[in-house]
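> Can you read through this structure? Questions will come right after.
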Amino acid sequence: LCCCEYVDRRGQRNHLAACCCDCEELDDGCDRWLTCKSLPPGALERIADTIADRLRVPWFSGAVKINVSLVPPLVLLPVFLHVAALHFLLGLIILTSLPVVVLWYYYLTHRRKERTLFFLSLGLFSLGYMYYVFLREVVPRGHVEYSQVVALTCGLILMLAALSRAKKDPGYLPIPTGNEKPSHQGLPNKSVRGSSSGLHGISGAASSRAVNGESKGYCRMSAEQPEGAKKDWCTKCQLVRPARAGHCRLCGRCVRRLDHHCVWINSCVGEHNHQAFILALSFFMLTSVYGITLTLHTICRGRTPFVALFYCPGAYSDYSSALSFTCVWYCAIVTAGMGYILLIQLLNISYNVTEREARLALRDNTGRRLLGGLVIDTGQYNRGLLCNWGHFLSLGSSPPQRSAEDIV
């Protein structure tokens, strides 16, 4: 293939120059629209699939397909922010409608059980574009010191490093091959003995070892699993899941200690990446608040950041200040949303409950609402604040070696 050729979804060789040719679905849709006829079932899906297959860029070994969900943030976000900087009312309308549109798209993809790169690309491009506006519009004013720019840059780099770690394996359970699939017949209904965190192996030998046990110095928890912790058979993956593991319907895999599927990283949050996920959120909060503070101190001098966020008379005196102030409000909205997610995560860790367990407890009416409903305490794995955090900090570590005296 040359740089402008590609093999389409039907296995035929095509050229980028013919991307608008031979589109029967689009032609039929335009004809029906001009004649005021309704589209046949599935016509829009076929048109969308054709457009997604032909949206490509030239590359060395053939044209590369571009994910459609990556395009809207790259194009619409700068346009919306620049339009919002033209007038106060435009900024109010756009900054109010953006969260509504994002939430609508989230519920749309969540209902269809679709994975999308839209939220990840929106988050990464927002970080890059806010950093670009900060360097171009705020730093040249001369009120930001070099050390402050370095600190903001280091925070951004640390956040991206933690995000990269959170994107890795969340703790997928290995899918058994055709001749190794275990049988779920004869699974015991009673509680099984395992680790203090409720995780145990599939085989008898693995179930006798303590997995993710608490580190010495936090607390010594009982080796007996809590009441109700049972082996679970996944009909999708055809395997026996450890306690607290769950099946993600978006990823199509079972994950150890599944917390939830996060659309912002386009991956599950489980046993192996939960710590990195919390670290990425924490670095984002610190970096974002610090950047907002530096920007407000520059364009609204003499006022505290909180007051300047709501009252800054000179914000729309020139376009540069208006754009910076609009970006500050955009960052504040995103930071408030991420701060709420981080708060819920910290409360769940303090009570040793996952988002999945809280959702199931609400459905089955088996949990207690605490702190005004911010956290759902199932009471199954809660062993106190220090023990719960000790368990979280030991997630993903190798199982502790048990001495002969402990075994006896």
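Quick reminder: no glycine exception, Cβ is built from N, Cα and C everywhere.
TrEMBL: automatically predicted annotations, no manual curation.
Per TrEMBL, compositional bias 'Polar residues' is recorded for 186-198. Taken from TrEMBL, the feature domain 'Palmitoyltransferase DHHC' applies to 230-358. According to TrEMBL, the feature region 'Disordered' maps to 174-208. If you look up TrEMBL, you'll see 79-105, 117-134, 146-163, 276-299, 319-343 marked as transmembrane segment.
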> Check the transmembrane segment (276-299) against each of 79-105, 146-163, 319-343 and return whichever range has the most CB pairs under 8 Å.
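The stretch with the most close Cβ contacts to the transmembrane segment (276-299) is 319-343.
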> Which sequence positions outside the transmembrane segment (117-134), separated from its termini by at least 6 residues, show Cβ-Cβ distances below 8 Å to it?
67, 69-70, 72-74, 77-78, 81, 102, 105-106, 109, 152-153, 156, 159-160, 263-266, 291, 294-295, 323-324, 327, 330-331, 334
> By DSSP, what is the split of the domain 'Palmitoyltransferase DHHC' (230-358) into helix, strand and coil residues?
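In the domain 'Palmitoyltransferase DHHC' (230-358), the DSSP-based counts are 68 helix, 18 strand, 43 coil.
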> Tell me, what is the mean pLDDT of the domain 'Palmitoyltransferase DHHC' (230-358)?
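Over the domain 'Palmitoyltransferase DHHC' (230-358), the predicted model scores a mean pLDDT of 92.
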